[in-house]
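What follows is a short report on a single structure.
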Amino acid sequence: MSAIYNFCAGPAMLPAAVMKKAQQELLDWNGLGVSVMEVSHRGKEFIALTKQAEADLRELMHIPQNYHVLFMHGGGRGQFSAVVNNFLGNQGRALYLVSGQWSSAALAEAQKLAGDAQIDSLNIVEKHNCLNAVVLPDLHKIDADYRYVHYCPNETVDGIEIFDELDSPWPIVADLSSTIMSREIDVSRYGLIYAGAQKNIGPSGLSIVIVRDDMLTLPSLPQSSIMDYRLAVEHDSMFNTPPTFAWYLAAEVFAWLKSIGGVASIAKINQQKAQMLYACIDANPFYKNGVVAANRSQMNVTFQLADESLDGAFLKEAEAVGLVALKGHRIVGGMRASLYNAMPLEGVAALVTFMNEFAAKHYNI
């Protein structure tokens, strides 16, 4: 069977080496004669797995010791509510920076749950020559006392990424669901980082939360116990039965990333992949991207065809040659190629070849 390259925005493709290892030991994990899905989450073998997973993630992201690493339920949307309930209290105030669909969704959830607390927001995307561009505000000029400022450095739907470090006088809460471990960041700049697993970590159903000690002293609201960061810390992410298979696969992805040189190594590859695809788009008038170069997402490349009536043919012909899940999000349409860590350079090269051939066949210059 020829190679299939899966450009899905999430759940996304996993590293082939990880999938093969999971396949090989699916029925007999660690010589126990049973699957990892069948062992107790409190057994010594699984506890050892969780400890190694945390150690590997700390090493990969250079996480300081005054941060807790949590493996939680709920995905990114679950964290939208968890952040509010854990940090805002009854009289708190928070600022949300809006750059696209996911930061808008986080804002909407905060507004729904805030009660007597105050939620402020700033739209940080402007049009520059008809292209979307991020303009980060000078937060130090805002006269307010916020518990936290929330932002999403990469908008998967809109194809917008913020590469500049956010400078804030208040704790930063960041949704890194689509960029975690794709490039190096300074974790110490953040009060809390959260990420749904289904893009760069593993299968859906698991969220990673990296939270600084002092954030856990902020007033909280009544909430579900399984989304309480303090309880998660107290119980080593096992207040209730965790998604064990997702945790296992995340551990394998961390080990795989370490084996290929870590985040610094994959960051170079990710940059190459994105540059290759954007070069194709820019060189061919048949394709267009609506984001300024400085804010083009490395993880989620969005583009439109010059003739949208050919969208169906593009997707059908791409799938026929093993390039799948290229349809853009229903909100914005067009195409989207998600280039997460597991996508090899060969997959992007195959997509570029197809795009050039498709344009030559359908576009009259």
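Using N, Cα and C of the backbone, Cβ positions are placed for all residues, glycine too.
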Select one of Thr50, Thr156: the residue that Swiss-Prot places in the pyridoxal 5'-phosphate site alongside Gly76, Arg77, Trp102, Asp175, Gln198, Asn240, Thr241. Thr156
Site extent for pyridoxal 5'-phosphate, whole Å (max Cα pair distance, Gly76, Arg77, Trp102, Thr156, Asp175, Gln198, Asn240, Thr241): 31
Give the distance between the Cα atoms of Lys199 (N6-(pyridoxal phosphate)lysine) and Asp175 (pyridoxal 5'-phosphate binding site), rounded to the nearest whole Å. 13
Please report the DSSP secondary structure of Gln198 (pyridoxal 5'-phosphate binding site), reduced to three states. coil
Secondary structure at Gly76 (pyridoxal 5'-phosphate binding site), reduced by DSSP to three states: helix
